[in-house]
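Engineer: I'd like to ask you about the structure that follows.
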Amino acid sequence: MFFSLLLMLGLTEAEKIKICLQKQVNSSFSLHNGFGGNLYATEEKRMFELVKPKAGASVLNQSTWIGFGDSRTDQSNSAFPRSLMSAKTADKFRSLSGGSLMLSMFGPPGKVDYLYQGCGKHKVFYEGVNWSPHAAIDCYRKNWTDIKLNFQKSIYELASQSHCMSLVNALDKTIPLQVTKGVAKNCNNSFLKNPALYTQEVKPLEQICGEENLAFFTLPTQFGTYECKLHLVASCYFIYDSKEVYNKRGCGNYFQVIYDSSGKVVGGLDNRVSPYTGNSGDTPTMQCDMLQLKPGRYSVRSSPRFLLMPERSYCFDMKEKGPVTAVQSIWGKGRKSDYAVDQACLSTPGCMLIQKQKPYIGEADDHHGDQEMRELLSGLDYEARCISQSGWVNETSPFTEEYLLPPKFGRCPLAAKEESIPKIPDGLLIPTSGTDTTVTKPKSRIFGIDDLIIGLLFVAIVEAGIGGYLLGSRKESGGGVTKESAEKGFEKIGNDIQILRSSTNIAIEKLNDRISHDEQAIRDLTLEIENARSEALLGELGIIRALLVGNISIGLQESLWELASEITNRAGDLAVEVSPGCWIIDNNICDQSCQNFIFKFNETAPVPTIPPLDTKIDLQSDPFYWGSSLGLAITAANLMAALVISGIAICRTK
């Protein structure tokens, strides 16, 4: 893939000819300047192309993610074969048809109760639709959407800080003797599994208003094999319009309060000190607040008549931060949905929402097998280099045309304009340099360019500036910076980029913890920071480009030196090197076959250190490049590949 050209120049003495290694440059070449050497090239290309994120969900590592779902990810469901994802992806989900995390938390009568649990750095949630307005769950509340919103938000928040999570479906408890398990007409003559309803008989006509309820529950440090550092607990209580609505018999105010082991109030409602704020008439409503509690023993105190007892929780190990993806979970036509999942994710730092642009149109049935959702989830079959609210990227380029919206994780590209990305020479390359490069053998080569520039993420301007990359002194002959200087420059850039990449990723993770989608000021600040990083990276790439050009030029000159040395060795006394890369041969002493041996290697073998591609040799004259200026024309499919002799010609002048 590389070619060299030899030029023969005629001398005035008829029996002698002058043959030189020579550049062949015309107006189609462009000049590229570098640190330590320059290049002529027939083509040029950008160091990186802009990439465009793909819409939908993906993961950074196939072995470290887990999903939580329902019938749309349940392979045992009859509608699954025409559902939304591959069987391979569905295997990663903990799912049961008809289930949802909230259904398992509260356990309304007649609904699916599934033990959700699992571990993974990245958690994908595609569930929630089974608790929606279509489910028509009442139990002292006509609309559970705001509770669902707070529940899902708490789940996403804690999941983003944990490696493992699990439903704890049976808390240890102690209840007072005077209460019994209760039911409610508007709960199908039953009640929720969590909280459980306990009732106490009250006889005010006999001046017996009942006793205050005192109960205890324990949040475990471990549930099965799952460690519990923090629990999500639903603190539920009734809301009454007034004291008279709660207790028309004059037996005191309503209260339902949770205390920790030190006696501190952690949740509940106390109408002994707080006003009544209900608006439901004679029927109370039930409110459930989401509490994040550490393992331990807690007490519940309530007024007579009713006790709402926490009997379930979700436990989290809080061991590892990681991405959370929430997939919009809505019904197809004919069923009413809510958008609690969407709102919960958008208001939770670190949560990426996968959202449809069109109504859900199922293919297996009205509610399973939507084509748009299938496309949005197809990325779960692959590993991405970057995942973000804008989509996922698996290309190696560090630049994208548009700013990727946070949150984002992985090796994410920065926004840049195409015209700002530096260009490098390509196609046929010819080095130019000072006149001393073929008489002084270079000490060493420079390697590692591809490793250095492929996969760059974020870099910033370092304190040393550009000058910090040009260590060492210039050669007195004017041939550019020394090779040792260039090597140190590459090493410094590599080290700086690795350090800055690490520190920048840490900074981005901290920003993910702070950013929510409605915090415009933080979003604007993040955008400014990323724009600065993009400009810094482009500046670094400009330096790398200049060093790269110089490195290629030096490398080609070294190969040229090897070629010249081999020719001189083969010629022995038959050719006299009169200047770097030029020899005089007596045509009467060294005939055509002799010249073929010296310059064409008998058309059988190239220079031993240079792998062959084309060993044909032709000689041609180009008097414009007479003298000691040296070069080697190459094709640059691989910038650091070895050279091959090709295209040497002899021109005689008597």
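A Cβ is built for glycine as well, from the same backbone N, Cα and C atoms used for every other residue.
Pasting the relevant annotations from Swiss-Prot:
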ACT_SITE  D365  active site, charge relay system
ACT_SITE  H368  active site, charge relay system
DISULFID  C209-C251  disulfide bond
DISULFID  C228-C315  disulfide bond
DISULFID  C236-C288  disulfide bond
CARBOHYD  N26  N-linked glycosylation site
CARBOHYD  N61  N-linked glycosylation site
CARBOHYD  N143  N-linked glycosylation site
CARBOHYD  N188  N-linked glycosylation site
CARBOHYD  N394  N-linked glycosylation site
CARBOHYD  N551  N-linked glycosylation site
CARBOHYD  N602  N-linked glycosylation site
REGION    15-40  region 'Fusion domain-1'
REGION    41-157  region 'Esterase domain-1'
REGION    157-309  region 'N-acetyl-9-O-acetylneuraminic acid binding'
REGION    309-363  region 'Esterase domain-2'
REGION    364-654  region 'Fusion domain-2'
SIGNAL    1-14  signal peptide
TOPO_DOM  15-629  topological domain 'Extracellular'
TRANSMEM  630-650  transmembrane segment
Engineer: Could you list the residues of the same chain, at least six apart in sequence, whose Cβ is under 8 A from the Cβ of N394 (N-linked glycosylation site)?
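Structural biologist: S58, Y382, E383, A384, R385 - these are the non-local Cβ neighbours of N394 (N-linked glycosylation site), listed in sequence order.
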Engineer: Please list residues from the chain of N188 (N-linked glycosylation site) whose Cβ is under 8 angstroms from its Cβ, counting only those at least six apart in sequence.
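Structural biologist: Once residues fewer than 6 apart are set aside, N188 (N-linked glycosylation site) is near P109, G110.
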Engineer: If I take the Cα of N143 (N-linked glycosylation site) as reference, which of the recorded positions C209, C236, C251, H368, N551 has the closest Cα?
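Structural biologist: So, spelling it out, the nearest of the recorded positions is C236.
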Engineer: How big is the gap, in Å, between the Cα of N26 (N-linked glycosylation site) and that of H368 (active site, charge relay system), rounded to a whole number?
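Structural biologist: It is 65 Å, counting Cα to Cα.
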Engineer: Find the one among the recorded positions C288, C315, H368 whose C-alpha lies closest to that of N61 (N-linked glycosylation site).
Structural biologist: C315
Engineer: How many helix, strand and coil residues does the region 'Esterase domain-1' (41-157) contain under DSSP?
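Structural biologist: So the region 'Esterase domain-1' (41-157) is made up of 32 helix, 25 strand, 60 coil.
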Engineer: Report the nearest neighbour of C251 (disulfide bond) in space among the recorded positions C228, H368, N551, comparing Cα positions.
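Structural biologist: Closest by Cα: C228.
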Engineer: Sort N551 (N-linked glycosylation site) into helix, strand or coil using the DSSP assignment.
Structural biologist: helix
Engineer: Rounded to the nearest angstrom, how far is the Cα of C315 (disulfide bond) from the Cα of C236 (disulfide bond)?
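Structural biologist: Rounded to the nearest whole number, the Cα-Cα distance is 18 Å.
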Engineer: Highest CB neighbour count within 10 A among the glycosylation sites N143, N551?
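Structural biologist: Per the Cβ count, the most surrounded site is N551.
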Engineer: As a test of the contact definition, list every same-chain residue at least 6 positions from H368 (active site, charge relay system) whose Cβ is closer than 8 Å to its Cβ.
Structural biologist: S71, R72, N77, A79, F80, R82, S83, L84, G362
Engineer: Of the recorded positions C209, C288, D365, N551, which sits closest to C228 (disulfide bond) by Cα distance?
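Structural biologist: So, of the listed recorded positions, the one sitting closest to C228 (disulfide bond) is C288.
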Engineer: Could you measure between C209 (disulfide bond) and C288 (disulfide bond) for me? Cα positions, answer in whole angstrom.
Structural biologist: 26
Engineer: Based on Cβ atoms within 10 Å, give me the single least packed residue among the glycosylation sites N26, N61.
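Structural biologist: Lowest Cβ count within 10 Å among the glycosylation sites (N26, N61) is N26.
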Engineer: When the Cα of C288 (disulfide bond) is compared with the Cα of each of the recorded positions C315, D365, N551, which one is closest?
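Structural biologist: Result: the closest of the recorded positions to C288 (disulfide bond) is C315.
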Engineer: What whole-number Å value do you get for the CA-CA distance of C315 (disulfide bond) and D365 (active site, charge relay system)?
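Structural biologist: Cα to Cα, C315 (disulfide bond) and D365 (active site, charge relay system) are separated by 35 Å.
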